[in-house]
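Step one of this worksheet: look at the structure below.
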Amino acid sequence: MSGSVLSCRSLHLNEDNGRFALLALLIVLYLLCGAAVFSAIERPSELRAHGRWNGTLLNFSETFNISLRDLNSFLREYEAAIAAGIRADALRPRWDFTGAFYFVGTVVSTIGFGMTTPVTVSGKVFLIFYGLLGCAATILFFNLFLERIITLLAVVMKAVRERRIRNSGLLPPGIRHDFSAYSLPGWKPSVYHVMLILGLSAITISCCASAMYSPVEGWAYLDSLYFCFVTFSTIGFGDFVSSQSAVYEYQSLYRVANFLFMLMGVCCIYSLFNVISIVIKQVLNWMLEKMSCLFCQRCNKASALLGRRNAIRPGSKGRHGRFGPPPDSDGPCDSDNEGRRLSGEMISMKDLAASNKVSLAIMQKQLSESANGYPRTVCGSSRQNGFSGGVGALGIMNNRLAETSNSR
């Protein structure tokens, strides 16, 4: 039974591992559901297209007295020409300076449309090293952009909140004239408000860009919205690619606007993805908490049954005796129904070793956090708002959200 309670403790200590495993399981289920939906939607259309194409080939072969073998050989040559950028309609050159600049922009932004690819060995080798450095630098740029966007949103939302408090008349009389001294200590913007603002910004940019692409490129408005999401999210299928015709009306202005829309859209969607990932992390924490509490309730019931038969209850809260409970004993799994060890009771060497082992692990964790500089003081209450921890872009955003509690 003591092993069951220790498993409850270890479940609380291994929260990060549990979150990782749960997220991996949910992603697999998400992929399976997505595959089932897309297969059901797109598979019938694919089969109909295959049937129409086979009928067209057979009709062409019979009409012009060309064998299917020779016809397929010709089509393979045409596919190779398409991969090299040759189209039946007039398109702009793929590898002049402007075309190459458009290509490297899709490389470093990880969009990768695929409409232009290097075909020479030297070009492919250069792309490997060029993309390695360029993608890393662009991801850093996106992270820094995210930091500034979060700072701007936090400052604006804090100013709006201060103005609302000032106008509501809830401040003490002596503070109304000097509100800057009062400020809002410890205040941080809600992650849901930040997600809402970024979502509205992404929708606005996509709608404006689609209004430009639809008449200029000749796409339907829904296709333009589809292109904007695929591009701004850096998925980059390549079925729709902007700025590929040889000539446009107001060509220079259109290409500059196309570049700006792509830059703003990618940065905005990248920031939105990171904020949504925080919300997903909150949901995972809630699910883990429910699972942990359910598991610990079973452990506590088992310990209670064992306690009716033993005066000394190994594995329960009472085993800590005069050594005191471990620092993590105030978690959601602790129960007030567990008995306490009397001062005259003895503790076995096994229980003492187990208690010291748990305390030592917690002490090592605390020392490691202190040595690495976290949790930071300004982030003490950040877990309530969802802004805590994180690596890379998440770490930058969480620290920035916590730091905005200070008046600027």
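Cβ from N, Cα, C; glycine included.
In TrEMBL, annotation is done automatically, which means it is predicted and not curated.
Straight from TrEMBL, the features:
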- 20-41: transmembrane segment (TRANSMEM)
- 92-149: domain 'Potassium channel' (DOMAIN)
- 100-121: transmembrane segment (TRANSMEM)
- 127-156: transmembrane segment (TRANSMEM)
- 191-213: transmembrane segment (TRANSMEM)
- 204-281: domain 'Potassium channel' (DOMAIN)
- 219-241: transmembrane segment (TRANSMEM)
- 253-273: transmembrane segment (TRANSMEM)
- 311-340: region 'Disordered' (REGION)
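Across 20-41, 100-121, 127-156, stretch 100-121 shows the highest tally of CB pairs under 8 A with the transmembrane segment (219-241).
Segment contact is absent for the transmembrane segment (191-213) and the transmembrane segment (20-41), given fewer than three CB pairs below 8 angstroms at sequence separation of 6 or more. Long-range neighbours of the transmembrane segment (20-41) within the same chain, counting only residues 6 or more positions beyond its ends whose Cβ lies under 8 Å from a Cβ of the stretch, are 280, 284, 287-288.
For the domain 'Potassium channel' (92-149), residue counts in helix, strand and coil come to 41 helix, 0 strand, 17 coil, using DSSP. Taken residue by residue, the domain 'Potassium channel' (204-281) breaks down under DSSP into 57 helix, 1 strand, 20 coil.
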